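Taking it in order: structure first as structure tokens, then the write-up.
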């Protein structure tokens, strides 16, 4: 299906065609960087849900450039293949799988990313609550893999839809980042519910053990049960067991809240 006449009249659509961008969404990332300098000092970047590649294209032009800096490494991840881009390594993978995070780190020679971005979105149904929920789950999946692959102090940017539960999303991100804000670049249509969540200075909770979790959290009771079992067994715990218990205790608080905003656990998060 061809582009609508509305798209063809859009200044950014025309500009994208003129400048050779794969999609008008390239300007959204460019404008976020121009206002917030998210590319400053960045060497290792991950583009999640990257296809068709307009954001990876921005990274290729703005960060990889002429390729003279051997420390610059860009990884694009998507279930779909996309046309090659200069300086961008592509991973055809699922962001909800731990194996994908290991592939990313291997391309960084064991180091972690400075910046992780995601412009992904599920198919829109036109039903606001369903679309907002689907997008929120995609963001949390991106956050899951980010906790495995982003360095302390790093930055995370993701597309989201404006909705009633934005305060919940804000609270979830604030558990991991010092600074969290919602931004809307001028190239994002005013009529669109699209926003971007900008998270800076990654600082995970003390004793948080990164793991890839089911966004629906069907098995989160296993975490709680493991915590209780480890607390009740082995009264003569050694130091290692005590440390393990601290990790489990932290997970039993953080993981349910991140996965679905579950606050019905009888605990405080601080």
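Yeah, the Cβs are placed from backbone N, Cα and C, and that goes for glycine too.
Note that the structure is predicted; figures quoted are calculated from it, not measured.
Swiss-Prot names 53, 55, 78, 119 for binding S-adenosyl-L-methionine. Of 10, 94, 165, the residue it gives for the same site is 94. Cβ environment of residue 159 (active site, proton acceptor): 118, 119, 120, 121, 135, 139, 194, 195, 196 lie under 8 Å away, each six or more residues apart in the same chain.
The sparsest Cβ neighbourhood within 10 Å, among the listed binding-site residues (78, 94), is found at 94.
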